[in-house]
Every structure is written in structure tokens, then in C-alpha cells.
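Asks: Here it is, the structure in full.
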Amino acid sequence: MSRYVVLDLETTGVSYAEGDRIIQLAYTVIEEKKIVKTFNTLINSETTIPAFVQQLTQIQTEDLAKAPSFEEIVPELMEDLNNSCFVAHNVDFDLHFLNETLEDTGYTPYEGPVLDTVELSRIAFPSESGYRLSELAENLSLHHVVPHQADSDAYATAELFLKISEVFRKLPRPALKHLLGIEHMLKSSLRPLLEEWFEQAEDAAGELEVYRGIALRKINYEAAENENIEADFNEVFADFQTGETISKVMPGFIRRSGQEEMINFVHQIFTGSKIGLVEAGTGTGKTLAYLLPAAYYAAVYKEKVVISTETIQLQEQLLKKEVPLVEKLLPFPVKPALLKGRTHYVCLQKVENLLDLSFQESYERMVSKAQIVVWLTITGTGDVEELNLADASDRFLREVSSDIQSCAGPDCPWFSRCFYQRAKKAAKAADVVITNHAMLLSDIVHESQILPSYSSVIIDEAHHLEEAATRHFGTQLDYASMAQLLNDFTTRGQDNVLEPWLSLYTPEMWKRCKEKIQQAREEWNDLFLSIYSYADKGAGRGETGDVSKVIVRDESWNYVLEAAHRFHAVFTEAVDELKKIELEISSDTSTGPAYKNEQTALDRYIHEMDDLHRKFMDLITHQQEDNVYWMERALKGPKQSITIFSSPTEVSQLLADRFFQKKKRVILTSATLTVNQSFNFVIRQLGLEDFEVETKVVASPFNWSEQVALMIPNDIPLIQEAGEDAYIHSIAQAIYQTAEVTEGKMLVLFTSYDMLRKTYHLVSNLLDDSYMLIGQGIQSKSRTKLVKMFQQFDRTILFGTSSFWEGVDIPGEDLSVIVMARLPFSPPSDPVFKAKSDKLKQEGASPFIKLALPQAVLRFKQGFGRLIRRETDRGIVIVLDRRIDTARYGKQFVKSLPDMPVHRGSIYDLETEIDAWLHKPLKESVYDGDH
Ligand code: SF4
């Protein structure tokens, strides 16, 4: 095949049968790897173009009047298609629509070979974030001048096809061989091309190697020698203070006295072997402030420093952005390493097994396998997060990623090339290991078997540590995991290798076992139906309105226990039967290596069953006194869509004994650690009361009194007095009036989804069409998507609940006002909050003073921190909850904020203040430091 017609259609809709027609047809002809012809025409289909299609394509109905009819252009099209391969981006649509049109006009439909560039780009570029033509055009620098116009789309698709071909052409033979084994399941007629490329390809050379039939990128992991580094901290720090070096590597760098204070503080804590808590206000530049002394300490004192962040994204940002900067600032090299949880790394043994499977598998799995084959020739990390898999199901991910149960360790033939082992080895040799709280806590749970040994640690976003520990020291189990495992095992499905094998190999034993598994499946269903009845009595909606949480604690739980014991009995019998089969197979020497994959799959099933059974017992039949148990239920899903959770009520002692006690140097940092200028709350939460800790507050360099004003309307009723409905009416009116002044640009923070939803409906009735009102759980649940929408449009108002109180970063003019609908106290029904409160009550302490208030103040500070993200931002925070003024504790909220003007008055009066504040020019420089 050497001639390709890359075609794109614009149509009035998606269904020819329902009267939709082609309005533009364009194609690009490729011969010998070059574009040799382009063809483009509007088509007069004697139809009216719907408004949204006109908007999308910029083609108006009147544009078609002078265009040729489809019949007029067919001869040229058919001539070009003759002896060519048909290529399109989403070939099913274009080819189907074209063929229906051809047939209807009396021509023979095209039946030659086809190539789909969506499918092929998935395989060739397995790490792309999306496969829409516009996304690929942007990321691969294709010419795509006018998206949604057929000529531009066809040209961009042709370029895309050439890039895809380039990737395939460079693949080594073993990779192409694997693709040839998968090709029959693809939409694209790729075989002739693959065969041609295979003939021309080499086995593997240069950066690639072949091991056990799989082509991989060579990774020469050589630990750099640990040189003796002699550098004086004061000299390094003095160089930083002059700003000379950093200005060269970071143009526009601004000196901040707070950042320098923090560098010194971290250095002192490290050299003095202590625990330090540092609250670094927004804009301090805290990452650099801890990274610089940490890297210095690690390299000079030969002491590994672990840095833990809350999220994987922050981990990546540290490694890719901040560490390279620090490397440029220091007069010696730094050896960083990033270590994620084991399941983030692909297991090469599992991949080998998967590629050997000769079963008919689903289309998505086959494409995913092809993606992995190509990706292994590129990846240096083996981190599955680099992949955008066609089958992104948990099940498939489990089938390809490393896990402790199925890992053969040093006996694995892939051990020396294993990505997880290499990441661990790199972490062992590194000065600075970047990890996340989940990993850090897993390491604590597994008694230091995951991270390399370390005594010095920096915990960023430390206000999350207690919550992360509560989650991590607990367990969870959902209905679907067990149901799916039991189902998949006994169903003769496309992807099940075991059922047909066991039916043939040990028919009698398998029959018995299968019966038990089916009974267990029924008991599991019954168990979750009784859990559903229990949960149905339960609590209100969660933060997105589609989940409810119910605490497990009263006597009717005994009915659930009866069903649980029935499940337990039959499930244990099923696992025993399965283990007998495993024993029978492993002692049969005649099987040899022929059933290696099946045996591995059987092992994996048994491990998974044991693992789920242990969780089931921990959560249902063997509950502990000092844990809290609860369930979360999807309100709109099937009855069994329930997950059961457990957590220790208190993690402070666990953290003290199992973590802080064992570390010599610890920095805990965040922008929000103090309540009422005191670290006491966080010290108590983290179990640091018996340790000697040093604390520091580094003030934000922003000029708050110039950049933010706090507004407190005094004509909003108190909810306790007026009732919820009146309160909601009142805040809806206030939000509307404020929006009229600010022209949107508002983030409204709620503490309950019900209130968000009710307020949303009222405000949407008040606003005219020029505003865009976006609600969490209304347009979307995804925070990223909602923030993107918020930034995309003018005059926008975004309503969010708890996950919006922090972590949302909207710098600049897009966000001018934050409205807090209520002070952010935790809902009293929250299971963990409730369990902690009950415990405090039993100890004779006030749950409000010791828990609810400090938690709310910290969250209030986080919500406030969303507004000003850089020195040129200016805005207003409006607190609609008058308890901030009327309640005795209200002062603590105001006192926890930096100094700024506070305006009180009726909403009507405040409108003028808001207008004046937002239009007041900002002073030129608001930094306290030199530039
Ligand atoms: S060592 Fe374990 S995780 Fe690594 S490839 Fe082998 S089985 Fe997989």
C-alpha cells in the first residue's frame, strides 16, 4: 500500500438515515510519504444547516447555494479512492456516512482497506492526554488552522498519519511482531504496513534492548559515586541572598525575606536534629525554601532526605521543576529520585504473560496491549500513569501493574529490569527522595519496607497528614470488587483464561468449586442487600450530592452480621476448593511450562480472594472497639453500590510511636498550620505533644491590606433563627447582587451540597443570560473541569463544596471574589468527625473547642487562600455567615487572617464598597523585599 486518501466530512448531523447530509468534503492524498494532492469543496445538499453546526463549522446554509452537488464531485473522488487506502480520524463515522451517501446516489460504496488515525495514534502515542484531532494537533504541532472545517481537519489528519507511520517505522522487530499478533482485532487494515515495516526493521539497537521477546528502552542505572562534598552553608546561603545566581536561572526572581527566614529555619532544624513546624504564608516560595537546605544537608552530610507531598502532581512538579532549579543553585550535584506506590509501576512479568495470551480478548484490551508494546520502547520509568490506556479499568490496571502478592521478587526473570525495583534502587542511592503522603504512610504501615532507610523528612502540605493517616491506617471494601472477582472467575468470557482451562484439566474438582463460588456470589449479593437496608436509613448527601455516608454502630447491624456469617462460610469453602485445585496442578509434573499463564492467573485469583476476604473480616465480622466504621452509598446507583470503610478514631499516638519517634529531623510545613496564632491544634492532631518541637510562622509577602478586603453583610439572618429556607433565599439574593457589581468572577464556597443545590436554583432564576452559573455536581463533578469552565467564560460564578476550599488555584482577574456561604464547620454526621467528637466527650473535653472550631478555622484560612495567588491579584472575601460577628468564637476566624480592611454593612451598602475596592488602582509594588 503506498497511496492513501485522508478524508474528512462536515455533515449536518450524525445520522444519514434521519436526513443529515454532507456539507463539506475534503481529502488529502499521500503518496510515498508525501502529500501530493488536496481536494476541498462545499457540497450543495439542498439542506438547512442547524445553528450549532453553523457555529461549529462556520459554514452557513447560504454558502452552499453555489457549491457543486455530491454527484458532481463523486467521479474525481472515486478515481482517487481507486487502489488507495481510506484514512480518517474516527474512520467509522466518515466511511459510514460517505458510503451511505454513495449508495443513495447510485454509486458502489468504498470497500477497500481503511486506517483509523484515532486508533493508530492511541498505539503510536500511548501517553497523549487525549486523542481528539485538536488535542493531537496542538501536542504534535500539526497544521490545524481551522478545526471543524473538513479541509483543515483532513490536512491535519494526513500529517498525523505521517507522524504515526514514522513511529511504527522506527519500532524494532519484536515490538512489530507483537503488533502483528494483535492487528486482527483492530479496525485499521494495518497488516500490510506492519509486514513492510517488519521486513525493514532491526531487532533492537542503540537505546533499545530485547529481553524475553520484548523490546524495552535500555536503562543504564549507575548510581553516581558518593563524593565528599565540602561546602559551607553560609556561603551557599549568602550566594542565594545576593540573588545573583538565582536571577540568572530564574529571571524575574524576587527576594523575599520570609523565604530566607524559612531557609535558615529548615537548616537549623536539620543541623540541630529536631522537629520543626513552619507555617509559610501564601507567596513565600516555601518549596525552594525547604528544598535548598534539604538538598544541602543530604549532599554534604550524606543523609538521605525524604520529601513527602500530598499529591502525585505535586511530586512530579517538585522533580521536574523545583529540583532542577535547586541543582542550578547549588555548587555541587544533587541526586533526586521519585518513588511512587508499587501499583504505579508496570510489572514486566505480567506484561509478558499478557502478551503471550492467545485468547480472544476485547477490543479495548487488545489496543491497550498494543499501547504497552510501543510504550515499553519509550518509557524510562514504567510508571503506568504515563499511559492513556484504551482499557483503563481497574481490572486491567491490576493485570499489568506490580503488586506484592504476585511478585516473585529476586526469583523473577525480570528482576534486574523491573521498574519498581529500579525506582527503589534509585531512591536508595538518591540524596533527596520525593514521595507522597500515601507512600510515606504505607511505609509506616509496612514497617519501613518500601522507602529506603531515612532519618530526615520534610512533610509539605502537612495539614493533610492527619487526615491521610486516618485514611491510610484504615481499610475499605466495595461490593463490586468481590462481585466482579467471583463473576469473572466462573464466567466464560473473552478475557477469562481460567474457566475453559479448569473445565478441561480438573473437571470434577472445578465443578465443585464453581458451585461454591456461585453460592458465595449469591450470599455476597444478599449481604449487600441487607447492608443497603441498613444504609437506607442513613444520613444526608455528601459533597457532590450523590453519595451518602452512614455510620455503622447500632443493633440492627446484627442482621447484617447474620448474612455476613453465611457468606463467610461458603466463601471459605470455595477458596479451600480452589486451593485443592492449585495443589493438584502444582504437584502434576506432566503439565510442564505449557500452562504457565493459567497457573499464574490461578495464583493471582487466590491471592485476590484471600486479600478481599481479610478486608471483609476486618470490616464486617471482626470490628475493633477503637475504630470507626461507616459506609458510603451512591444514591443514584444500584442498591449494592456501597463501600464500607474503617479508620482508627485517633491516629496521633500511631504517628508518634511509629513515625516521629523514629525520625531525627522533621520539618512539617503548610500555608495553614496555626489557629489563633497557635500551633497547638496541629501538634495535638499529629501526636507531637511529647516531642520538643520548634515552630515558626513566616508571613506572606503579599500586601494584604492593599490586596484584599473582608466584607461581612449584617442583614443576612442567622440560620438558627430564620431557618434554612429563609437563609438560603437571603444568601441567594446577596450572591446575585454581588455578581451584578463584580460581573461574575466569583467562587462561592458551601459546606453542604443540599445548600449549594438550592441556592444554585434560586440564583440561576435571578441572573440573566449574560452570566454563566456553574455548580459542582450540577454541570460536572470534576473540579478540574469546573475550574476550566470558570476560566473559559466571562461573567462566571462557580459554586463548590468542600474540595473547593483548598487546592483550587485561579490566579489573576478570573477570580475577584470569594463568597463563603457558611463558616466551614465539619458536618456533625461525618463518621470520623463524629467518632472523634464522641471520644473527646468521653474524655471530658469539649469537642467544639478541641476539634470543630480549630478544624473550621484552618479550612477558613484555606478557603481565604484561594483568592490571592500572586502579588498583582486583588479581591474581596465575603462571609455571609454572621456567626463570624455574633458568636463568641467568631473572632478566631478574623484573627487567623492577615491584617486587612474589614467592611460591615447591609448588602446594599457593601455593593458600593465592593465596586470601589475592585476599581481602586493597586500600588505598584506590594512586596516587602527587594527585587
Ligand atoms: S520483580 Fe515482581 S514486579 Fe518486578 S517484574 Fe518481576 S514480578 Fe513484576
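Yeah, the Cβs are placed from backbone N, Cα and C, and that goes for glycine too.
Here TrEMBL flags Ala280, Gly281, Thr282, Gly283, Thr284, Gly285, Lys286, Thr287 as ATP binding site. Taken from TrEMBL, the feature domain 'Helicase ATP-binding' covers 245-521, 267-510. The feature motif 'DEAH box' is assigned by TrEMBL to 460-463.
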Asks: Using the Cβ center of Ala280, Gly281, Thr282, Gly283, Thr284, Gly285, Lys286, Thr287 as the ATP site position, which other residues in that chain lie within 8 Å, going by their Cβ?
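Replies: Neighbours within 8 Å of the Cβ centroid, excluding Ala280, Gly281, Thr282, Gly283, Thr284, Gly285, Lys286, Thr287: Arg256, Gly258, Gln259, Met262, Ala289, Ala671, Val698, Ser700, Pro701.
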Asks: Within its own chain, what residues at least 6 apart in sequence put their Cβ under 8 Å from the Cβ of Gly285 (ATP binding site), listed in sequence order?
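Replies: Listed in sequence order: Arg256, Gln259.
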Asks: Sorted by position, what residues of the same chain at least six away from Lys286 (ATP binding site) have a C-beta under 8 A from it?
Replies: Gln259, Met262, Val278, Ala280, Asp460, Thr669, Ala671, Val698
Asks: Please list the DSSP helix, strand and coil residue counts for the motif 'DEAH box' (460-463).
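Replies: Secondary-structure composition of the motif 'DEAH box' (460-463): 2 helix, 0 strand, 2 coil.
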Asks: Using DSSP and three states only, what is Ala280 (ATP binding site)?
Replies: strand
Asks: Look at each of the binding-site residues, Gly281, Gly283, and point out the one with the fewest other Cβ atoms around it within 10 Å.
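Replies: Among the binding-site residues Gly281, Gly283, the lowest count of other Cβ atoms within 10 Å belongs to Gly281.
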Asks: Write out the long-range same-chain contacts of Thr284 (ATP binding site), meaning residues 6 or more apart in sequence whose Cβ is under 8 Å from its Cβ.
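Replies: When sequence neighbours closer than 6 are ignored, Thr284 (ATP binding site) has Arg256, Gly258, Gln259, Met262, Ala671, Val698, Ser700, Pro701 within Cβ distance under 8 Å.
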Asks: Just how many other Cβ atoms lie inside 10 Å of the Cβ on Thr287 (ATP binding site)?
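Replies: Its Cβ has 23 other Cβ atoms within 10 Å.
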Asks: Give me the count of other Cβ atoms within 10 A of the Cβ belonging to Thr282 (ATP binding site).
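Replies: For Thr282 (ATP binding site), the count of other Cβ atoms within 10 Å is 21.
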Asks: State the three-class DSSP label for Thr287 (ATP binding site), counting H, G and I as helix, E and B as strand, and everything else as coil.
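Replies: Once the DSSP labels are grouped into three classes, Thr287 (ATP binding site) ends up as helix.
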Asks: What mean pLDDT does the predicted model reach across the motif 'DEAH box' (460-463)?
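Replies: Summing pLDDT over the motif 'DEAH box' (460-463) and dividing by its length gives 94.
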